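One structure is given below, encoded as C-alpha cells.
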Amino acid sequence: MAAATVGHMRGLLRVPPGWRCGSCRARSAAACPPAGQVRQAFLRFFQEQHGHRLVPSAPVRPRGDPGLLFVNAGMNQFKPILLGTAHPRSELAQYQRVVNSQKCVRAGGKHNDLDDVGRDVYHHTFFEMLGNWSFGDYFKEEACGMAWELLTQIYEIPKDHLYITYFGGDASLGLSPDEETRDIWLSLGVPPSHVLPFPLRENFWEMGETGPCGPCTEIHYDHVGGSRHAAGLVNQDSPDVVEIWNLVFMQYSRETDGSLRPLPQHHVDTGMGLERLVTVLQSKRSNYDTDLFTPILDAIHKGCGGPGYQGLVGEADVRSVNMAYRVVADHVRTLSVCIADGVYPGMSGAELVLRRILRRAVRFCFEVLHAPPGFLASLVPAVVEVLGDTYPELRKNTNQIMNIINDNEAAFLSSLLRGRRIIDRTLQQMGPSKLFPVEVAWSLYGNLGFPLDLIGLMIEEKGIQLDWAALDQLAQEDAKRKARTHQAEQLEGSGVRLDVHSLAQLQRDGVPTTDDSPKYAYTLGQDGRYAFSPCQATVLILYKDQSLQKKVGAGQRCGVLLDRTSFYAEQGGQAHDRGYLVLLGQQLGQEHGEVDQSSKGPWTEQLLHGQPYRRDVLFPVESVQFSGGYVIHEVTAPETLQAGDQVLLFVDEAQRLACMVNHTATHLLSFALRRVLGDQTEQRGSHVTAEQLRFDFSTQAPVTMQQLQEVEGVIQEVVDQNEIVYMAEVPLALASGIQGLRTMDEVYPDPVRVVSVGVPIENALMPNSQAAMQTSVELCCGTHLLQTGAVQDLTITSERQLVKGISRIIAVTREQAKLAREVGQSLAKEVDSLSARVKQGNSSLPEVQSLSKEVGHLTEEVGNTVMPQWQRRELQAILKALQRAANTAIRKLEIRQAAEKAQGLLEKHSKQPVIIDTISSDSLSILMKVVNQLCDKSPGASVLLLSPQASGEVLCACQVSKSALPTFSAADWALAVCTHMGGNAGGSGIVAKGTGNTKDLQGALTAALEFARSRL
C-alpha cells in the first residue's frame, strides 16, 4: 500500500513524458518542460512528498534589514529564525520545513551582477531562487537525499552529468574536511570521481562578517556529458560545467573576533537558480534561450525591428545588438518586479541602483536597438505573461509599472539634454586644457545620472579626455562617505541585542520570555490625564559582552532581562521608551554597600508600596530592544546589579505620552490619506518619536496644497469627536478577514493586536462588516491613546516625493502643531507686507535690488521654518512671483542705465572697429548689458570694457563681432586680459566676462588692445 502511494505521488510530481535531459535536444522545443512546470514540480516535490510548508516569496525590498539593498537570496526572509530573534508567537517561529521560489535581485552591494549582464548568457540582475529549508529539523543526510531524488528521478537528469563538491577543510580555522557529506553522496551512488573536495572560498557559506555559517555542498551539471570526465572543469568558470544547486549546512556562528562557534541548532538552506535549472531541462546552453526570456526577446524584436536575437557574444556580436537584447530583457524583468514590490527608481540606496538599471536599459534601447520612446515600458506585458501567474502583484500593478518606467525614461532623456548643454558650455569655457573638469563630470553623474562613459564618448570626439583616475578617487571617497553614514545610522539605531547562542541558552534554561503586557497598563482619568500603573519586576539575567551573566559591577554597561516590564521596546516603527530602574527591597548594609542609616542625606531609604528602595540610585534605561520574545533594557549600572534583584520601573511618562499621541495620529493620517487620495494609497513605512511622526506612502500623483488641507481637516474632525481607541488581541486568521484592514508587509505575532478608532473591535470582526471601511483599523503592537482628543491638533510640516510614486510626510501634534500654525501666520503677514512694497514699484535700482534680497531671505526662511506645508507652498508661490517681478524691474532699470552709459561711449568712440575703455558699473550684469548695447548700436565693432570696484576688483566684459570669428575669440580676449590682472574669465567665441584685481588699469587696457591687434 505504501509503495503504491509513493508511486502515485511520483507520478504526480514526475515531469511529463519527453522531459528527459539527454534526449531533449533531438526533439522540438515544444517537447521540453516549460519553466512554470519546472518551478511547480520543485515546490510540489518538497511540499507533498517531504512535508514542507509552501511559503510565498518575500518582496524584493528587504524586511527589517537596513544593511541590504535588495533581497538577494532565499534565506533573507528567514534571518530572524537563523538568528533566533523571531517573535515566539509569530508564524515565522513555527517554521521547521519550508519551500518556496524567492524573487532575488543582485545589483549593487556585495552581490552585484549588473555590469556583467548582457556580456554573457547567464548573468542576471533578477532571478528566481528555488529553495528548501530545515530549521532545526533534518540535516545533511536528508537534504542530500532529497536533492538527488528530485534531480535524478523527478527531473530525470542523467546521473553521469552531475558532479558534487564538498568542503575540503581549513587547517587555519581548525576545520576538518566534511567527510560526512562526502560519504552521504557516495552512499547515494555518486561515483567517487564525481565527488570533489574544495576549499573555504568555494564550499563554506557565510551570511555576513558575523552570524550563522557552515560548509556547503554544490551540485554541478556538465552540459556535454557522455563518456568524458569533466571533474577538472568544476569551479573553473567553464560555460560547459555550471553550478545548479547549493546546499548549505549551517552549523557554526562566526563571532566578532573571527572565531567559529557551533550553533545551538543546525539548519539547512538550499538554493537553486530557476533560470539555470530550466536551461538544463530544456537542453539549452543559454538562460536567454529558455521560455523565461524568449517571449520578452520576441517582443523586443517585434517592437524595434532590425535583426533578431541570435545569442552572439563578444567579437561575434557586431554593434553589440545581442548584448542589447539581453540587457533590455533582463532589466525590464528587474524593473517590473521591483516596482511591483514598491521599489521605485530614485536617488539613494536600492532606488538609486534601480535608476541605474533603468537608465542602462534605456541607453541600449535608444543607442543600439534604435527603439522609439516608450519602448521599454511596452515590454512589461511580456514580463507579466511569463511571471504574472506566479507573482500576481505583477498583473495587479501592470499599468503602474509601465507609467513609472515611462516617467523615468522621459526624465532621463531630459537629463541627457541638460547634460549635453552643460558639457557644451564647459567645453567652451575650458580654454587650452585637454582634460575635462572632473568636478563637472562627477556632478553630471551624481546629480543628473549622466553616465560617465557617455561623457567620455562625447568629449573624446572633441579631442578632450576624462581624468578617470581622479573620477575613481571621487568614487572611492563617495563610497567611504556612504559607508560611514550607514555605519553611523546603524550605531545610532543600535542597542544591546541578544546573540543566537544566548537566546538558545535562555530557552534551554527555561527562562520565560518577558511579559511586556504592563506597557499597555494605563488609564485615562476624568481630568483627561493618563495614569501609568507602577511595575515591579525581578532581574532574571544580565547580558554583557555577548554572554549571559548573573552579576555586573558598578560602571558596567549591560542588558537587563526582567520577568516583566512596562517599557516599550523599539518595534513597529515606534521609538523605545526612556526612563529608569530603581532597586527595591534592598536593605542598607547588604551586598549593595554599607551606609550610615542615621544619615538624612541622599542615601536615605524611601518607602514605596510599603517596601524600601534607594531613591538616589537610578539605573537610567538607554535603550529597550526586543529579541526572540525577550525585552532587553540597556543600562550603565551605577552600582552592582545581579539576578534576583527586585526593581521598580519608571517610564518617562511625558515621552511615552508624546509617542502615544504621535502613533495614534499616524493611524489617523493613514486613514485620512486614503480618504482624500483614494484607497490605492498604501503605507510604505513610518517612524514615531516623541518629537514628530514620519509617514511614507504610495501615491499616483503629487499631493496638492488643497489635498494637504483636506487631510488635516479629516484628522481634526476625528480628533474633535474624541473617538474611543479600541485595542484587543485577536487571532491572526480572524484579524486578517477585517474589511478594509490597513496592513504592512510585516511578520505579525499570533494573536495580533488590533487598533480601531471609533469602532469596537467585535463590530469590525463581524463577517462582511463595513464598519472598518469608515475608520482607521490596523494591526499594531504600539502604544496608543485611549481617546483621540489628546492629539489636539496635527500639522503636516513637510511633504515631498522620495521617488516617483512614493511620498514622505512629516507631521507634529499638540503644542508643536499650534506653534507651527502661528509661525506660518506670522510669515504670511511678512509676505503680504513685502508683496505690497514690491507692487508699489521703485525708480531706484538700489531700492529694487534691496527688495529682491529681502524676497530671497524670506524665501529661505519660509523654506526652512517648521510650518504647515500647504501654507509653505502657498507662500513660496507668492514669493516666486515676487522674485520674478523684482528681477524684471532690476533688468529694466539695468537696461535703462546701460543704455545711458552706452550712448556716452558711442559718442566717444564713434565708428571705431575696436572699443576698449573703462566705465563705472555696480555689477557685471550691467557691464555686460552696456557691451551688448554698444555692439548693437555700432555694428561690426568688437568691445571690451573694464569697471574698477571700490574693493579693488576689476570687472571685465567683452563681445566680438561675428565677422572677426574664428581668429578673434571673446573667450580668449577676456581670458588674456583677466589673466594679466591675476584673475580668470570664461565665455563663448562671441561674448565673455571675468574678473581680476589690479591697480595698473592702464596696463590692462593696453594688454586688451595689443591682443585685439594681434588677432585682427
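Keep in mind that glycine also has a Cβ here, set from the backbone N, Cα and C atoms.
Features reported for this protein in TrEMBL:
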type    : residues                       : note
DOMAIN  : 33-817                         : domain 'Alanyl-transfer RNA synthetases family profile'
BINDING : HIS663, HIS667, CYS780, HIS784 : Zn(2+) binding site
Neighbour tally for HIS784 (Zn(2+) binding site), based on other Cβ positions within 10 Å of its Cβ: 24
Mean predicted confidence [pLDDT] for the domain 'Alanyl-transfer RNA synthetases family profile' (33-817): 90
Shell list (Zn(2+); ref centroid = CB of HIS663, HIS667, CYS780, HIS784; cutoff 8 A): MET660, THR664, THR666, VAL725, VAL755, GLU778, GLY782, THR783
Residue with minimal Cβ packing [other Cβ atoms within 10 Å] among the binding-site residues HIS663, HIS667: HIS663
Number of other Cβ atoms within 10 Å of the Cβ of CYS780 (Zn(2+) binding site) across all protein chains: 25
